[in-house]
Amino acid sequence: MQLLAIGINHTTAPVSLRERVAFPLEQIKPALGALRTHLAGRNGTEAAILSTCNRTEIYCATDILKPGAEGFEHTLRWLSQHHNVPASDLAPHLYSLPQSEAVRHAFRVASGLDSMVLGETQILGQLKDAVRTAGEAGSLGTYLNQLFQRTFAVAKEVRGQTEIGAHSVSMAAAAVRLAQRIFESVSTQRVLFIGAGEMIELCATHFAAQKPRQVVVANRTVERGEKLAEQLAEQGLTTQAIRLQELGERLHEFDIVVSCTASSLPIIGLGAVERAVKRRKHRPIMMVDLAVPRDVEPEVARLDDVFLYTVDDLGAVVREGNALRQAAVAQAEAIIESRVQNFMHWLETRSVVPVIRELQTAGESIRQAELERARRMLARGDDPEAVLEALSGALTRKFLHGPTHALNHMQGEDREALVRLVPGLFRQSSHSER
């Protein structure tokens, strides 16, 4: 069975390309079905898709594709067709990781070593969601199940035994730092949050600590926005929840806008921001777009009075704290390397399972036949001692027939290899019976 991880992330591609191959949550299950069909049929092929603002990754286990170029080209072709993105645009930015490299990558991703925010924990939850979705889609099997269960265990071990999460600057904290560079005080600003998911909740928590003048939450489902607004109000803030449709009329009211929705198209266009800036009499407005695909049209960045930041822009602020954790990174890498070797040993042992089953089936067939023969001998009154002698002798002869026949008929290097191997097999068998 071949393991393969193919992906694109914040280190290999800009957000302008990552957003073109992102998978909305509702599209992942049908995409998994299409991918498995593309990989030469569903039977025996396992797959999972991880899609976040910083990465899109496909994990596969298949005995159909060969490792290396064939698996890469096959999966690249599917990804290109599925998202209608030319393969020539994707290929330079994709990484293809077979076997142990795929295992190591999964362990590093879950442990936060491959994240823009080194040591962040959100990716572990996102990976668990991806595995749960793949399980519900019926695309997980023995190999990926084992890979991901060990991945979660390794992530727990890394976080428990190292300080990989210490000194971490989250994306949410980075957004606040940028706001503090633009405005003299966040406490005098009006803040708009668009969306009500986990990332917006994290951002809202960090901004709330700065006691902004007003916080408004805009969401497609107003009830969810109201819930977040109520939580912030409990911290003594002036809050309000509005519908997403009200954005056009109210955008000019806000000094800071933080957006992170699951929309596949921008929800804030250039024209809307131009009108807002005009109504603000050209007072500056800071916009943080944490969504992939992006919520704010990129052309907005050209406006003089708008400071627009994407997830890639926030990465520079985040990396300021990464150097402080290099000792923890070395510890984490050592743990991961050890666990990769353990998993690869398990994977290699899986290749002999069919042979073991075949041996067990053949042995059981011999046992049943000789046992039935012994019962017939006892039924006709034969001496039990003689029956046992005949039973044990027949079992010995039949079990040894295959190896002795091979030793007598093989030639050359094959025979020499068998001569070296067989005595060790029987010594092991003898020890195991004691």
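Even glycines carry a Cβ here, placed using N, Cα and C.
Residues annotated as active site, nucleophile in Swiss-Prot, with sequence analysis given as evidence: Cys53. Close to Cys53 (active site, nucleophile) in the fold, though at least 6 residues off in sequence, lie Arg18, Ala22, Met199, Cys260, Leu290, Ala291, Val292, Val311, each with a CB less than 8 Å from its CB.
The substrate binding site annotation in Swiss-Prot covers Thr52, Cys53, Asn54, Arg55, Ser115, Glu120, Thr121, Gln122, Gln126. Look at Asn54 (substrate binding site): DSSP puts it in coil. Sequence-distant contacts of Asn54 (substrate binding site), defined as residues of its own chain at least six apart whose C-beta falls under 8 angstroms from its C-beta, comprise Asn9, His10, Arg18, Ser115, Met116, Val292, Val311.
The NADP(+) binding site annotation in Swiss-Prot covers Gly195, Ala196, Gly197, Glu198, Met199, Ile200. Other C-beta atoms found within 10 angstroms of the C-beta of Ala196 (NADP(+) binding site) number 25, with every protein chain shown included.
Neighbours of His105 (site 'Important for activity'), defined as other CB atoms within 10 A of its CB across all chains, total 21. His105 (site 'Important for activity') falls within a helix when secondary structure is assigned with DSSP. What Swiss-Prot records for His105 is site 'Important for activity', and it gives sequence analysis as the kind of evidence.
Sequence-distant neighbours of Thr52 (substrate binding site) (same chain, 6+ apart, CB under 8 A from its CB) are Ile123, Gln126, Val292.
Ranking the binding-site residues Gly195, Gly197 by the number of CB atoms within 10 A of their own CB puts Gly195 at the top. Within 8 A of the CB centroid of the substrate site residues Thr52, Cys53, Asn54, Arg55, Ser115, Glu120, Thr121, Gln122, Gln126, the other residues of that chain are Met116, Val117, Ile123. Rounded to a whole number, the distance between the Cα atoms of Thr121 (substrate binding site) and Ala196 (NADP(+) binding site) is 19 Å.
Straight-line distance linking the Cα atoms of His105 (site 'Important for activity') and Thr121 (substrate binding site), rounded to a whole number, equals 16 Å. Geometry remark: Glu198 (NADP(+) binding site) versus Thr121 (substrate binding site), CA distance 12 Å.
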